[in-house]
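Just dropping this structure here.
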Amino acid sequence: MATVNRFGWPDYVVLASVPVISLMIGLYQGLRRRKQTTEDYLMGGRDMSFLPVAFSVLASFLSAISVLGAPVEIYAFGASFWVNALSYFISVPITAHVFIPLFFKLKITSAYEYLELRFNRVIRLMGCFVFTIQMVFYMAVVFYAPALAFSHVSGLSLWVSVLAVGAACTIYTSIGGLRAVVWTDFFQVLVVISGLLALVIKGTMDVGGFGTVWEKAREGGRLNMFSFDPDPRHRHTVWSLIVGGAVTTLSVYAVNQAMVQRYLCVKNQRTAQATIYFNLPGNILTTTILTLLGLVAYAKYKDCDPLHSGKITQLDQLVPFMVLETLGVLPGLAGLFVACVFSAALSTVSSGVNALALVYLEDVVKPIYKMKKGNQMADGLASFVSKGLALFFGALTVGLAFLSSLMGRTILHITLSSFGMTGGPLLALFILAMFFPTVNSWGVGVGLISSLLFSFWLGIGTVISRPPLPILSLKTSECPITQTVINNITESVEPFVTSTIMYDVDNNMTSYSTGALESSTAAHVSRYRYTGLEIYRVSYMWYSSIAVIVGVSVALIVSCVSGGQKNPINPALIIPVWRNIQSLFGKKSKSLEITKHERLQLKEST
């Protein structure tokens, strides 16, 4: 009987240190600035230094889902996902030189404040609502999913871990504000990198070195990195990973409030641009480490896949299972990796909570207060309200994480996918506002709704219809005849079971080969014919691009039908692409003929 290693007291000590240290950082930042203004609390006083903010940007969306999911992606589908890192060569410069200068010039606090300047308050609230849906449910699953995965294989209490980490996150975020979030992110990203490197290095040593890892990956077809097939149904190609990936990452780095907030909390535009450029090598490094981890996992389990041998029940548990097998023999190292995962969760959730507090204060509470009272909210009251909002959204996230346990796996998948389903429509909204001066509020409103409906129809339809996936060969031909103990449940494992899953896009078929074998040759083949809509087979990497195309197209058509933008638009609200193009032909856009006096009044109008 083979027993999976469990946590020891050194692991618990290492794991507990992460939320404790994060809490101490938050308390320090909060007590150090007891009388901080609202701008200090939500924007770090707009004078934060480069290094912590750059690490915070890197940490904010290096979530626990990425840490646990990316290696499984490599393990099951091959290393092609690494090519997605090249998409940052497109999205980072666009963010740095198109979006950041505009936001900095306007000196806004909420990204959705810009939408009211460009259109009206209704569009601002629509953007705010979509962002809320995007972040709240995503943060809940980011908390719940890793806790669930580790509880299945390590014996860690699911609810104790969620409650403890969630409470620490809520407290330090609500007390310390953005400075606490940024500095804890700085600490947490170091923990994440340390945990990943510990598992990669120890795992590589266990299988015989990097040469062995590379050779086994080559034999198993895991090094299929560059496919130039133009078919959008193929899950990962150079086109989907770089072009589609660039649009997806642009929806995060360019218009997500958690990111915009960080760009605007530094001293000047040049520093803001430097923080995003720091993420170019930073994201390539983290993607490379996660890819190596997936290849190491494949080298370790090449001939005895833990899923099909019954050692785990879902591929989500692959990394936690590997952690306990690989690092469990060394006191504290397994705890370090679990701390790495929860650090990734903490950084994502704290960023989201702080961003939501800012958005609701600036976009909802302050306008309502001014409408009812007739004057601006006092800074002391605004600071108090912002802390209350942070506390509320932190508690809401923990509550929804508990609610996640009542959801089926399909609903959880849809909830997690909602982040991507809303990112594309939000990006379309900002592209329309910045690049198309003739688009009016009716157009962008209908365009946003159309893009959202199409995105959710496509995403939910794909989850429900379950089109076949190109999972590469997974074998159990070398598994010993044994019993494995998981969560104190004894499961008999059939010897020499080989499971191979192949993908045939042209014949709409997936072949599942399963049987008791002496080699990897299939004993029998069962056929599964996909009967869903063909559009559901489009690669998920294209979803954001499709959403942008739908949103922009509908908005342009509706704006044209409804008469276009009738009022002149302040040039400072528009990226001057059209003016540059028109100047080549000696033309001038009438809608952009704003007087110099009106241009100088922009700051007062914001």
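Any Cβ shown, glycine's included, is placed from N, Cα and C.
TrEMBL labels come from automatic prediction, so no person has curated them.
The transmembrane segment feature in TrEMBL is assigned to 12-28, 49-69, 81-104, 125-150, 182-201, 237-255, 276-299, 333-361, 381-404, 410-435, 442-464, 540-561 (among others).
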The transmembrane segment (49-69): which same-chain residues, six or more beyond its ends, come within Cβ distance under 8 Å?
141-142, 145-146, 149, 181-183, 185-186, 188-190, 192, 196, 252-253, 258-259, 262, 265-267, 271, 274-276, 278-279, 282-283, 286, 290, 316, 319-320, 340-342, 344-345, 347-348, 351, 416
Do any residues of this chain, six or more beyond the ends of the transmembrane segment (12-28), have a C-beta under 8 angstroms from a C-beta of it, and if so which?
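Residues 164-165, 168-169, 171-173, 175-176, 180, 183-184, 187-188, 191, 332, 335-336, 338-339, 342-343, 346 contact the transmembrane segment (12-28) from elsewhere in the chain.
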Which residues of the same chain, at least 6 past either end of the transmembrane segment (182-201), have a Cβ under 8 Å from a Cβ in it?
18, 21-22, 25-26, 29, 44, 48, 51-53, 55-56, 58-60, 62, 67, 172, 262, 265, 286, 289-290, 292-293, 296, 319, 322-323, 326-327, 333, 336-341, 343-344, 346-347, 350-351
Report, as numbers and ranges, which residues of the same chain sit near the transmembrane segment (381-404): CB under 8 Å and 6 or more residues beyond its ends.
36-38, 41-42, 136-137, 139-141, 143-145, 147, 159, 162-163, 166-167, 169-171, 173-175, 177, 349, 352-354, 356-358, 360-361, 365-366, 412, 415
Please figure out which one of 81-104, 276-299, 442-464, 540-561 racks up the most CB pairs under 8 Å against the transmembrane segment (237-255).
81-104
Within the same chain, where does the transmembrane segment (442-464) have neighbours whose Cβ lies under 8 angstroms from its own Cβ atoms, ignoring anything closer than 6 residues to its ends? I mean 6 or more beyond.
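Residues 119, 122-123, 126-127, 130, 410, 413-414, 417-418, 420-422, 424-425, 428-429, 432-433, 532-533, 535-538, 540, 543, 546-548, 550-560, 562 contact the transmembrane segment (442-464) from elsewhere in the chain.
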Check the transmembrane segment (81-104) against the transmembrane segment (276-299) for contact, please; criterion is three or more CB pairs under 8 Å, pairs 6 or more apart in sequence.
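Counting Cβ pairs under 8 Å (6 or more apart in sequence), the transmembrane segment (81-104) reaches the transmembrane segment (276-299), since there are 3 or more.
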Under an 8 Å Cβ to Cβ limit, what residues of the same chain, 6 or more beyond the ends of the transmembrane segment (333-361), are close to it?
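Beyond its ends, the transmembrane segment (333-361) has Cβ neighbours at 5, 7, 10-15, 17-19, 22, 38, 42-43, 56, 59-64, 66-68, 109-110, 112, 128, 131-132, 135-136, 138-139, 142-143, 146, 150, 154, 156, 161, 165-166, 168-170, 172-174, 177-178, 180-181, 184-185, 187-189, 191-192, 194-196, 198-199, 202, 256-258, 261, 320, 323-324, 327, 382, 385-387, 389-390, 393-394, 397.
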